[in-house]
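Okay, structure first, notes after.
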Amino acid sequence: MDIELPYLAEYARTGRATCKGCKSTISKDTLRIAVMVQSAFHDAKVPNWFHKTCFFKNQRPSSVGDIQNIGNLRFADQKELTDLVENIQEVISAQLGKKRSKAFNLALKDFGIEYAKSSRSTCRGCEQKINKDLVRLRKTVYDTEVGMKYGGQPLWHHLECFAQLRSELGWFASGEDMPGFQSLADDDQAKVKNAIPPIKSEELPDTKRAKMELSDTNEEGEKKQRLKDQNDAYFRFRDDIKNKMKKKDIDILLKFNNQQPVTGDTEKLFDQTADLLTFGAIESCSECNSCQFIVNKSGYICNGNHSEWTKCNKLLKEPTRSACIVPKELKALYNFLNTVKEIPSTRIFNNFPPNKSTFSRSLLKTNKNNDVLVRPTIPRISPPLYNLKFSIIGLKNQHKELRKRIENLGGKFEVKISENTIAIISTELEIQKKSTRMKFAEELGIHIVPIEFLDFVEADTEGAIKYINSTCICSWGTDPKSRIPKETTKSLNSNSIYTKSMPVSRTFKVKDGLAVDPDSGLEDIAHVYVDSNNKYSVVLGLTDIQRNKNSYYKVQLLKADKKEKYWIFRSWGRIGTNIGNSKLEEFDTSESAKRNFKEIYADKTGNEYEQRDNFVKRTGRMYPIEIQYDDDQKLVKHESHFFTSKLEISVQNLIKLIFDIDSMNKTLMEFHIDMDKMPLGKLSAHQIQSAYRVVKEIYNVLECGSNTAKLIDATNRFYTLIPHNFGVQLPTLIETHQQIEDLRQMLDSLAEIEVAYSIIKSEDVSDACNPLDNHYAQIKTQLVALDKNSEEFSILSQYVKNTHASTHKSYDLKIVDVFKVSRQGEARRFKPFKKLHNRKLLWHGSRLTNFVGILSHGLRIAPPEAPPTGYMFGKGIYFADMVSKSANYCCTSQQNSTGLMLLSEVALGDMMECTSAKYINKLSNNKHSCFGRGRTMPDPTKSYIRSDGVEIPYGETITDEHLKSSLLYNEYIVYDVAQVNIQYLFRMEFKYSY
């Protein structure tokens, strides 16, 4: 993918643009330079235009190569811009006795020193807060999202952190030369001078830039002259084309030379025509047969389409050309066309490489992990109360002093008491008064500590938490460690101004099966208009990684509930951000509203609304997403309900767990699925199947040898079908087998969650029944908790204890409950295999969110449209005799430590044995299952044989050192769902040690 350049230079097309610097208009045809910033209202970059001189007052480009379109400027303007960029001074060195240049004074303004006005700013060295009244130092930068949009962003530093980073920040002078130094107190001035002494000139880094001027060798001098001559000839033609030729004649000239005219951009059309007259006609693209090439940096890029989803973007440095042929009638009309040469020539370009930071930003934007963490540059020990929240009850005369002491120790003072308050500073007298705030503190279990607590912490900076317990003066208090806020790690996405303050998922009010978008403000007085088979509500999407687009567009025709009044509501923007806008239009009649709705649909998709069932994707247009909004009132909270459940407590807790809406939402968020545009359960099963097919297609492309154009095409389709939240980062190209496996697992989870959601939707909330009992009835599975004192429980516990592998020691497994499982119809389905020899009780693990689907439909084999990745022995149902091997598939963590596992009776019969991966499409006639033999296994001589002949391989593990196998542990695979009879469900607690 092409590097996204931060600036754009061109000649003003009209005289209407206003300079963002001086606020005056920019005259037509004068050179103007733009900062390309993200629009707050559309999923696109927009130019903030400046006069040339105003631009350099507001921005500090590091390289002329960061300026898009510079190669299409006049030679003199290229030269001037290069000189201006080169003259920007980025470092401040000691200039004793020297007259300071304008560039030096401009650079000096980017630095400053002062006392922190609050405790809100963050040091960009150590990423810790800078407390109020501490000395802080500023470097204003211009290459950040904020800096580019607002003409600079001040980045603050502690004095010690700035001193360590001074070289890369570009400050080599003494600290006393920094603006603001004189405003500091004498002792702070001394600290600054000591921390930031001047650096000798001979120790300065080489800051010279590569200049545009070439060295004086004959060859390079000739190249420079050729560049100038070509540029002059090019602009002679361009000026004549712009000032003299009619557009229809330009089109005739281009088409006569088999060049497809650029549409929608007159200036690019002039560029294309001038290039034709100066250098000759470019041959058609070998990839897509397009006849339209656009100048791009130091070459030409094909403007054709690989498919309706993807641009071709083939890049040519030196395209094959033929001589430009001018029709006689045009020569007669335009005299300058008689000067066109009859021999094609090669266009040479100046090499303007982008700055390293531009490369870096581009690499970060294309990083496969869009949550790349921002790590501190400077290690710094956190103050003892860092990020801990304190409050005060009473002690009114000492509030100001106590607040300052808390903040000096790194803590935060908050008037409001909350569950995140670590402790409250007060007195025994205030405890006896039992004020409302004190009672609330007792309810939350927050410790009350005296003022002396701060004395202890100031004397012993490592014992803050222990002093909360030891100095506590109240009779209550939960573990203070539980109230320590988790360290928040910043990511590239969270740093963006367009991903902060994102709205939480909203409740949709459903009327007649259709939801009114709450952003319309009409959800209480209107409903979605329905006309025969037409439901006038659509959600459109488009992901295009070549243009960094991840857009949505929603349109609804709404009718007032009580009168003849109609509205068209539409909203649009970038998925996962606050970029976007909306519009509400009122109509008097349904016909005018329908006409407007259909016009919008046709404009955005290129399809007529009446033909939506035969939808054809159009190049650059949007695609409908099948999202079905249902009544969110059915997503009840299980904590309290009017009707008492008839289920055992352990079964109630299990049903709560597997039907937990928050867990399902968290799972979708882990996969970066956009929860605003695609709330839980709203994506159709058909759309999920389509996504499976796209992922399988990507797998086939990789198997046949990676083809970037095909991968981009399929990636665009996948992310359009399944909206993902990439924030402002570039959507990730799907190009590895690991990504395919991750997406397959995501779609598996989506499919299972869709089952759970369908069950919830089908329930009648008006029933005089607890929702847990409703859920339980819907899964059609009997669950009975085993007595923990029974022999059956003891045998199964031994199976867990003995088969935990030595390579899986990051956690221990604690059994919370074991349930005997009887799925409706499964025993009957399994009956033919009950007579088969070699039946074992084996483990299977899966995500929590998959268990509604598993219990209601049984364990299933991946659908045909799913890619074959992740299946070592083909698509089947996988089991293990080592508990921890299956436990790893529960996808638990220290934060989400509850997992569910199954023990199933598996009819293995005659097994095809393998010691390495072998993809099996179909077993041979005399085999019933596949056995991947691992080197470590439960001791087969110690197995327990049940009365019905089923083997429980619960022996202690042994290792066969002589076996040549690539597998660590045994795997068992069956390819017929009828060979599985689920018998037990374990609720496990994963006790992580690290």
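Glycine is treated like the rest: Cβ placed from N, Cα and C.
Keep in mind the model is a prediction, meaning the values are calculated, not measured.
The feature active site, for poly [ADP-ribose] polymerase activity is assigned by Swiss-Prot to Glu971. Annotation comment: Swiss-Prot describes Cys19, Cys22, His51, Cys54 as Zn(2+) 1 binding site. The annotation compositional bias 'Basic and acidic residues' is assigned in Swiss-Prot to 200-225. As annotated by Swiss-Prot, domain 'PADR1 zinc-binding' applies to 214-354. Taken from Swiss-Prot, the feature domain 'BRCT' applies to 380-471. Positions annotated as domain 'WGR' by Swiss-Prot: 525-622. Residues or ranges marked as domain 'PARP catalytic' by Swiss-Prot: 770-994. The region 'Disordered' feature in Swiss-Prot is assigned to 199-225. Taken from Swiss-Prot, the feature region 'Zinc ribbon' covers 280-323. The region 'Automodification domain' annotation in Swiss-Prot covers 368-507. Among the features that Swiss-Prot reports, zinc finger is placed at 7-89, 111-200.
Within 10 Å of the Cβ of Cys19 (Zn(2+) 1 binding site) there are 20 other Cβ atoms, across all protein chains. Set side by side, the binding-site residues Cys22, Cys54 differ in how many other CB atoms lie within 10 angstroms of their CB, and the most is found at Cys54.
Other residues of the same chain near the Zn(2+) 1 site, with their Cβ within 8 Å of the Cβ centroid of Cys19, Cys22, His51, Cys54, are Lys20, Gly21, Lys23, Ser24, Ile26, Phe50, Thr53, Phe55.
Taking CA atoms as the reference points, Cys54 (Zn(2+) 1 binding site) and Glu971 (active site, for poly [ADP-ribose] polymerase activity) are 69 Å apart. For His51 (Zn(2+) 1 binding site), the same-chain residues 6+ apart in sequence whose C-beta sits under 8 angstroms from its C-beta are Cys19, Gly21, Cys22, Ser24, Ile26, Thr30, Arg32. Mean pLDDT, taken over the domain 'PARP catalytic' (770-994), works out to 94 on the 0 to 100 scale. Residue counts for the zinc finger (7-89) under DSSP, split into helix (H, G, I), strand (E, B) and coil, are 25 helix, 24 strand, 34 coil. Secondary structure of the zinc finger (111-200) per DSSP (helix as H, G, I; strand as E, B; remaining residues coil): 33 helix, 21 strand, 36 coil. Taking the Cβ of Glu971 (active site, for poly [ADP-ribose] polymerase activity) as reference, residues of its chain lying under 8 Å away and at least six apart in sequence are, in sequence order, Met872, Phe873, Tyr878, Phe879, Ala880, Lys885, Cys930, Phe931, Gly932, Gly934.
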